[in-house]
Amino acid sequence: METKPVITCLKTLLIVYSFVFWITGAILLAVGVWGKLMLGPYISLIADNSTNAPYVLIGTGTVIIVFGLFGCFATCRGSPWMLKLYAMFLSLVFLAELVAGISGFVFRHEIKGTFHRTYTEAVQKYDAVDEASRAVDNLQHRLRCCGVYNYTSWFSSVYYPTKGIPASCCFNASDCNEDDLRNATIAPSKVYHQGCYELVTSFMETNMAIIAGVTFGIAFSQLIGMLLACCLSRIITANQYEMV
């Protein structure tokens, strides 16, 4: 009879943990959908395989939601093999998140290099129409920046000879026209001087430690679920306790 309170306590803790785990999956799913709908163009300037990132989040979130529900069901049933399967899944999630966090931190310089290359290509091939060009415009307008390092990056683009520097570089849209933006003497007084590459990479460097910390924190939280699931499974098996 002494095992009853222990099992009840472990069940309660594991159900609470599974619910939080399920919420995490729902958040990842929401972020993935939001990223696909809203951040697709921006992500295309940062990574070559940009279209895969939102789908990875959507898929991961969906799987976590399913197994979060499975964890609650396994806990309520008190099935040892289900609890072991749940613990095994949590261990896989732990390893995946750990690898992702370490990879992101170790290869942050490669990410910066990729952003520099893809953003430079987008500036060089800018036509104000395609998706990459619209992403460049949005980035420059929102961050109040111009070009890769500064506005002179636009002088070598295919767009500059006919249209000049894009209007998204102007700090006062009502005071910008194509003639001024094609004039290398007048244009500097009309556009932002800060380059977008420096702003984006500075943000990445500043927040990389926070992102890595959150990732590792979430990853190690899986250890709690693994421990609870294994302990509950072992106690139920050892005492041949049947849940009603």
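Cβ atoms here come from the backbone N, Cα and C positions, even for glycine.
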Second cysteine of the disulfide that TrEMBL assigns to CYS169, among CYS145, CYS146: CYS146
Neighbour count (Cβ, 10 Å) for CYS169 (disulfide bond): 26
Number of other Cβ atoms within 10 Å of the Cβ of CYS146 (disulfide bond) across all protein chains: 28
